[in-house]
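Right, one structure below, let's go through it.
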């Protein structure tokens, strides 16, 4: 029988690992893309590297070393109708989200991501997965108001960055909707490792095509590709480690725990970014608006958890429900 103290210690260790890796990866990506020393302002290329690295490592771990198992049940029809749309939207999310870091601060990007539940709910209502109610309308209004206040308090607002970030939010909302359709209508549930195995190659292909037309010529103009390979590989490794930490957290905690951890992580990112990056200047209005949005997100998470519990009490681990953004499930790369 496992020692409850050891189990509790492991749970907290996994949560701290997730928060540290998730926060660190956001800062790492921002630094790689904006640092003049590294000189790699290519969000498409960086995201493509993440997906190629994830695809290769997943294949080695599952098919060569066989230390992890990919769940069976995938068919060509399911892949074409479910995995491909999910992979395409995931590629869009990461591409646009990482591009936003070239124009806006990490803290402000994080504040804008708080609108995620609103986007998911609106799209869910449109496709019949959600039902409009007065309570949900109030929660969505609260989140939207908080994000608007936080945006109003932004000193150095860049609308190009805002457009990129909101495009990433829409892409992530569509991915989560496709994930829910995938589970509900196709009847196939996959763990995060299996999702990484199937989705990463598709996302890599979706990113490769626009990279050829939008960034390859810029990288060629840069001269010889003398970008720091060790640093870029380390960045990709951190991304994969983050995905594994999500797998560990989902396996050892409840859905509520990972939602709370996500909120804590978002606050860590917002506050630490002010100390780490010169382009981040937080105002009282920023923090006040973000606090309102977070309160709405907490109410949304509580509502969803109660709904899930009443529908299926045994369903304690949910990997693909949104908290605020892409950390809502597996495959987190920004």
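Placement of Cβ uses the backbone N, Cα and C atoms for every residue, glycine included.
Bear in mind that TrEMBL entries carry predicted annotations, made automatically and left uncurated.
Noted in TrEMBL for the protein shown:
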- 14-301: domain 'Sugar phosphate transporter' (DOMAIN)
- 312-334: region 'Disordered' (REGION)
- 9-28: transmembrane segment (TRANSMEM)
- 40-65: transmembrane segment (TRANSMEM)
- 77-96: transmembrane segment (TRANSMEM)
- 102-129: transmembrane segment (TRANSMEM)
- 136-153: transmembrane segment (TRANSMEM)
- 159-183: transmembrane segment (TRANSMEM)
- 195-214: transmembrane segment (TRANSMEM)
- 226-249: transmembrane segment (TRANSMEM)
- 256-278: transmembrane segment (TRANSMEM)
- 284-303: transmembrane segment (TRANSMEM)
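On the 0 to 100 pLDDT scale, the model's mean across the domain 'Sugar phosphate transporter' (14-301) is 87.
If you count C-beta pairs under 8 angstroms between the transmembrane segment (256-278) and each of 9-28, 77-96, 159-183, the highest count goes to 9-28.
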